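Asks: Dropping a structure here in structure tokens format, bear with me for questions.
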Amino acid sequence: MQEALRFHLSDADPLGRAEIIEQARFARRGARTASRGLSLTIRDLRKSFGDNEVLRGIDLHISAGQFVAIVGRSGCGKSTLLRLIAGLDTATAGSIDFGEEARAEDIRVMFQEPRLLPWARVLSNVEVGLGRERASADAQARAESALVEVGLGEKRGQWPAVLSGGQRQRVALARALVSRPRVLAFDEPLGALDALTRISMQRLLERVWHDQGFTAILVTHDVSEAVALADRVLVIEDGVIAHDIDVDIPRPRRRGSAQLAALEGSILKNLLQGTEDASDL
Amino acid sequence: MSLIDSLPRVGAPKLPRFDGLIPWIVPLAIILVWQLACATGFVSARVLPAPSDVALAGWKLLLSGELVRNIWVSFWRASIGFLIGGSIGFTLGLANGLSQLSSKLTDTTLQMVRNIPHLALIPLVILWFGIDESAKLFLVALGVFFPIYLNTLHGIRTVDPQLIEMGRIYGMTDGELFRRVIFPGALPSIFVGLRFALGIMWLTLIVAETIAASSGLGYMAMQAREFMLIDVVVLSILIYALLGKLADSASRALERLTLSWHPAFQKH
């Protein structure tokens, strides 16, 4: 019984201990180190699929190293915006400018599904993330250190099939991190995880973002996740940015604090305003 | 230590030493019953010779060198035909799976040809090639072609598009994408085709050899029929069964080797 309990928690981090470690980490590092992230300027971005105009003119500036969350109802265009930023789709009109010349390795995406190669061991899955630098001599060492960073160093030789859902998503995170990207786009990366694993993954995301200083763009349908992680929350409605909210709560943030709850409540109210029937959500 | 561990085990205890023998219990039992039926005169030796007589016939043919020569000839024809048909099927399956143009150009034609039973071509093949080696090779290659082609094509078409997108995002070149994503993804399906093809390979060869040949296992069986050597006929049939099993085991071993990542092949 004791063993079973410990096993369960090791996957989803015991909350108390993690929180203390987290606070110590922030205290030790003090203010955030100079950001390596890229800034992002989007002007009048539009995207249509046939007659259906999904994005109707997005104007947005994200400063380097900021953690931005994008929330909205399903079908509002938030994932489309993320795919455009990540270069997975081309816009119908408008522009996205990264401030300086961005290489392919500078912008990485993490999806809801881990998308690991089932026939490659964990370490070679992470090596995939190196892109064109895969052939370099230190490729393996870099992949290993990325795995250690997400706490899966000892799983390097496993097949993805034997990992839990949370562990697979951590491998996917290591793969996205290994090229040291300057913009990391998350498309509901925690959507398929259970509540405990989700919280430990949120901590991990916040930590790597803090350590590596990339610009983070997180698409999520979970408003509490958005306010817990982001510096700024964008609410998208009908293909435009309806609200742009600064989350001015110091880190590390305590989950379930009154401040976060109040902010979450007001954003949810904004989201609900569009409809007469609140039970729709 | 849990409660379940302390409970007595339900079901038969495991006998790891005999595990490998279990599949052979039924064939051995059949041979035993067969031998008994012949020995007691329940089955006439003119209908079905006893296993011991079949073994004796096999021994004689082995000593005369006839058996080994015929098996070798059949094995050679099967392998060459398989290699020719298999590699053409594999190549076309890859091409049509990867290229829209190639698929549009050839797939309809191939699907039409597929619906002709290839053994129906035997009269035509004899007219074209006589009873030469090339006739047999042609038929085997044709029979093997379709399962390999169809399953390679299917495997490539059903590779998870999310993985392909992932590969492209991470800057894989077309060659890398094929080597690291598409081909390994198609492999389980290719193996299904391989095992179908091995079955069809023997079937085609035996039919072709019984109809038009001057050597090989099928020829040996037909010659024996002419001289009423029923033990040799039965021997040939048993050898087909063994060769078929051998081919299947070989492809399974290859499968285990290359698909070790697949949950179905992982031992815990």
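Heads up, the Cβ atoms here are built off N, Cα and C, so glycines get one too.
Look at TrEMBL and you will find B:21-43, B:71-94, B:115-131, B:137-156, B:177-194, B:200-220, B:227-247 tagged as transmembrane segment. Residues or ranges marked as domain 'ABC transmembrane type-1' in TrEMBL: B:71-248.
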Asks: Of the listed stretches B:21-43, B:71-94, B:200-220, B:227-247, which one has the most C-beta pairs under 8 A with the transmembrane segment (B:177-194)?
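Replies: Answer is B:71-94, with the largest number of Cβ pairs below 8 Å.
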Asks: Counting only residues 6 or more past its boundaries, what in the same chain has a CB within less than 8 Å of a CB in the transmembrane segment (B:21-43)?
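Replies: Here the qualifying positions are 49-53.
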Asks: Can you work out which residues elsewhere in the same chain, 6+ from the ends of the transmembrane segment (B:115-131), have a Cβ less than 8 Å from its Cβ atoms?
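Replies: Non-local partners: 138-139, 142-143, 204, 207-208, 211-214.
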